[in-house]
C-alpha cells in the first residue's frame, strides 16, 4: 500500500481526526454524486446542457485513472470513485445528446457532425495527461494534483458558460450547491491530512495547492452570485410578459 493511504501507520494525532477525515471524504463523494445526478435531471428538464464537455471529459479521464488504473486501497474511496465513474458516463452522454441539438452546435458544423469524436479524443487526451502525472509524481500525489485541477476547470468553465449564455437553462442552484459542497469538503480533507500528518502529506501544503483551492472558491462563489443575478433578470422578464 502506498504511503499515505495506510492509515494504520499514521501518527496518533492523525488517528484522532481520522473519523472526521473519512466523513469529509464521504460528504465530498456524496456531493459530487448528487451533482452528477442533478446535472442529468436538469439537462432533460430544460433540454439544454449546463456544463462543459471539456470539463466532463477531464473529470471522466481522472476517474478512469484513479478508479480503475490506480484505485485507492481505502474501500470508501474506491466505492466513491467508481460510483462517480459510472454516473459520469451518463452525464457525458446526456450533455453530448443535448449539445448536438443545441443552436451552438448547429452553428458549428464540424462540432455538430463529429461531436462523438471530440468527446472520445478529449477523454483519451486527458487520460494520458492524468496517467503521465501519476507516473511522474506517484499515484497518490497525482490523485490530488489532478483532482484540484479538475475542480478549477469545472468551476471556471461553468462560470464561463453562464456568463456567455446569459440564461440559466440547463443549470440550477442544486447543481451549483452540490458541486461547491463536494469540492470544499475534498479540499478540507486534503489540508487536514497535511496538518495532522505532515511527514507524509506535507507536500500538499504549498502555494500552488492553496492557489487551486482559492481559485475554486472564488470561481464557484462568483458563479453563485452570477446565477442569482441572472435568475432575477429572467424573473423580471417573465413578470413583464405576464
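Glycine too: its Cβ is placed from the backbone N, Cα and C atoms.
Listed in Swiss-Prot:
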- 20-40: transmembrane segment (TRANSMEM)
- 50-69: transmembrane segment (TRANSMEM)
- 79-101: transmembrane segment (TRANSMEM)
- 117-137: transmembrane segment (TRANSMEM)
- 143-163: transmembrane segment (TRANSMEM)
- 172-192: transmembrane segment (TRANSMEM)
- 207-227: transmembrane segment (TRANSMEM)
Three or more CB pairs closer than 8 Å, sequence separation of 6 or more: does that hold for the transmembrane segment (20-40) against the transmembrane segment (207-227)? no
Mind checking which residues reach the transmembrane segment (143-163)? Cβ under 8 Å, same chain, six or more beyond either end. 50-52, 54-55, 58-59, 62, 65-66, 70, 72, 129-130, 133-134, 137, 171, 176, 179, 183, 186-187, 190, 204, 209, 212-213, 215-216, 219-220, 222-223, 226-227, 230
I need to check the long-range neighbours of the transmembrane segment (172-192): which residues 6 or more away from its ends have a CB within less than 8 Å of a CB in the stretch? 17, 20-21, 24-25, 27-35, 38-39, 42, 50-51, 144, 147-148, 151, 154-155, 158, 201, 204-205, 209, 213, 216-217, 220, 223-224, 227
